[in-house]
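**Student:** Okay, so Swiss-Prot annotates it like this:
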- 1-63: region 'Domain I' (REGION)
- 64-137: region 'Domain II' (REGION)
- 137-186: region 'Domain III' (REGION)
């Protein structure tokens with residue numbers, strides 16, 4: 001698998017970067033936010049991601065390796081495709097995204113057009129699992145869903161529940177989180 005290409009950037013259109021290396025031309029989809037970093041008619045280092053959908057290869061070029069790695073995590077989440085991954089990466093910097101994922105700020109993801117509560121939670125859970133080894137158990141998911149139905153904010157619930165002991169029963173977990181939520185809301 002290719003990590004990056006260091007090639008001559010001879011053309012940029014509204015969808016693709018076009019690079020030449022050793023008399024071969026390469027075409028990569030790119031983030032609009034990366035455009036300011038690429039230098040036309042110069043050699044550029046472009047980090048590569050490949051996504052295969054129904055035997056069709058799509059190639060993506062990124063200016064930053066960490067952003068590329070985050071993109072690869074996002075497109076491997078069920079129901080999250082290229083457009084949603086690009087939407088997330090276009091609207092927040094890498095550091096902002098790490099903060100959002102680390103602290104479970106679903107409200108920030110929900111601000112993006114077309115992303116609902118379920119998808120935002122799925123994204124946060126998946127990225128936390130991948131980057132920070134945080135796993136939300138089925139038990140914790142039940143408590144989160146119940147408290148959301150009662151009107152509590154998902155981000156507040158996550159801040160509390162992420163560090164709670166797994167040995168608690170659902171009732172004990174719910175009681176503990178409700179108690180902590182009462183301090184946040186007062």
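Just so it is clear, glycine is given a Cβ too, placed from its N, Cα and C backbone atoms.
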**Student:** In the region 'Domain I' (1-63), how many residues does DSSP call helix, how many strand, and how many coil?
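**Tutor:** Final tally across the stretch: 6 helix, 41 strand, 16 coil.
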**Student:** Could you put numbers on the helix, strand and coil content of the region 'Domain III' (137-186), residue by residue per DSSP?
**Tutor:** 35 helix, 0 strand, 15 coil
**Student:** Just to confirm my parser: what is the rounded mean pLDDT across the region 'Domain III' (137-186)?
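**Tutor:** PLDDT averaged over the stretch: 84.
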